[in-house]
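Inspection log for the structure reproduced underneath, given as structure tokens.
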Amino acid sequence: MNEVGIGVSRMVRSAQDFQRLREVGTDLDDVSRGVSGLPRESGLTRRSSHRSETTSEGVSVRVKVLSLTLMLVAGATALAPPIAQAADVPGPGVHHYVALGDSFTAGPFIPGWASVDCARSNNNYPTTLAVKLGLYYENDRFTDVSCSAADTTSMEGDFTTVLGTNRGPQLDAIRPDTDLVTLGIGGNDETFFGTFVDTCADLQNDDLTGSPCQQANTVNGVDQLAMILPRTKARVARVIQAIKERAPGARIVVVGYLRVLPADLTPCVDVPLSPGDIEWFDGLERQLNGVLSSAASENGVTFVDTYGPGLGHDACAGDDAWAQGVYTDVFEAGAWHPLKAGMDAVAQLVYDKLNGIDLAAGHLVTASSTESGYAPSKALDRDPYTRWASYYWRDNEWLKVDLGSKRTIRRLELNWEYAYARGYRIEVSTDGSTWRTVWSTINADGGHDTVRFVPTAARYVRLVGAKRGTRYGISLYDLEVYNS
Ligand SMILES: [Ca+2]
């Protein structure tokens, strides 16, 4: 598709998105891709004052949220046709991404509702991952069917949501051309998590120093929750095989469960459990992640550990927390569930697993010009919603990264804002003064570009926008450099 066609299709898409915001829908179809900009509008500080309100007040607030959300839900309508890739610009690494999972994937009460009956946020990790992969704003490239309360049986069978609506098998979202599937499932099997959520905090006063919940779930010396896990493993293994049957070429990533409980076993206001119960259920969560990891490796697919990196980010960690504690905050997260910060972290962990180590992240970056508020560092901050923009509306503006030392590099990942460069080149240097072009194009079409070139040693990498794709300057959400 030529440049003009691309520009028009993008404008139409924006107009349709805007129209959707004005529509009032009554059905509960997903709009996980539909409402442009919503993932960025968390709009509320992470620690609001609602966390300690009573249940009855919480319910009334929740009703308001659901009503407001219904106003934003509209049926998915046809979008503009897919954008063709320019011949000399390598296509994005992923063509169609499907997210499967339960509430740890869906993200209940994280601001930005995508589905009411599934309590799914469009600030969950699949959405942020889709944005980072350049899929979210494209047509038919990202499908998130994760649903709160789902378990392994919801993957191949019908599922009744917490609101009583019916959802078909999640695996129905997989297409023959699906090439990336994330799977976060298993915690709800046989009410594993539900037993903890529903009973443990209430039992704390029975034994403030012991493990009353563990005792309540131990029969004749046998831990009733631990004995679920081997069966969970077998069912997750079956799900992995079913995904393979439907999409033989897909990369399958099993995503583990975020750490919730504090490693030092010390209770806090948000985790009102006896120390022994913290130790007990934290151990069970590790066992759950262990069986997911084993199921993944034994079936030849990838596992992403989110529990380990969550050290120091448990529900007692205050502003560093990735998970909510015992209180549901209807403007932040459901009880014992990931916060937006946790979802962002999981998205990055999965992204890193897919891509390798970004050699540019956090390094010094400069530009030929900068529009106020859009600093060069915004292109290297790993946040797909922040960007660098050149100030001058002219060609040959550039962005330069100092990798800190000479490295072997062979690939760049670029996420362009609307103001993309139609023609650009990648230059490298070992001393910052003598530059060599390793790759160039005159026919790019914006969006996400994967740029591969012959492996080369360089300390400095410079992107030069030889020709703008729009009447604006040039602007990048992300620029990443890899040696793989
Ligand atoms: Ca950014």
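Start at 1 and count along the chain as shown; that gives each residue its number.
Here the Cβ of each residue, glycine as well, is placed from N, Cα and C on the backbone.
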C213: disulphide-linked cysteine among C200, C268 [source: TrEMBL]: C200
According to TrEMBL, the disulfide-paired cysteine of C147 among C118, C268: C118
DSSP-derived helix, strand and coil totals, residue by residue, for the domain 'F5/8 type C' (352-484): 8 helix, 70 strand, 55 coil
Rounded distance in angstrom between the Cα atoms of C118 (disulfide bond) and C200 (disulfide bond): 25
Inter-residue Cα distance where the pair is H337 (active site) and C316 (disulfide bond), in Å: 13
Cα-Cα distance linking H337 (active site) and C147 (disulfide bond), given in Å to the nearest integer: 13
Candidate with the highest Cβ count within 10 Å, taken from the disulfide-bonded residues C118, C200, C213, C268, C316: C118
C200 (disulfide bond) versus S103 (active site, nucleophile) - Cα distance in angstrom: 19
Cα proximity to C268 (disulfide bond), best match among recorded positions C200, C213, H337: C200
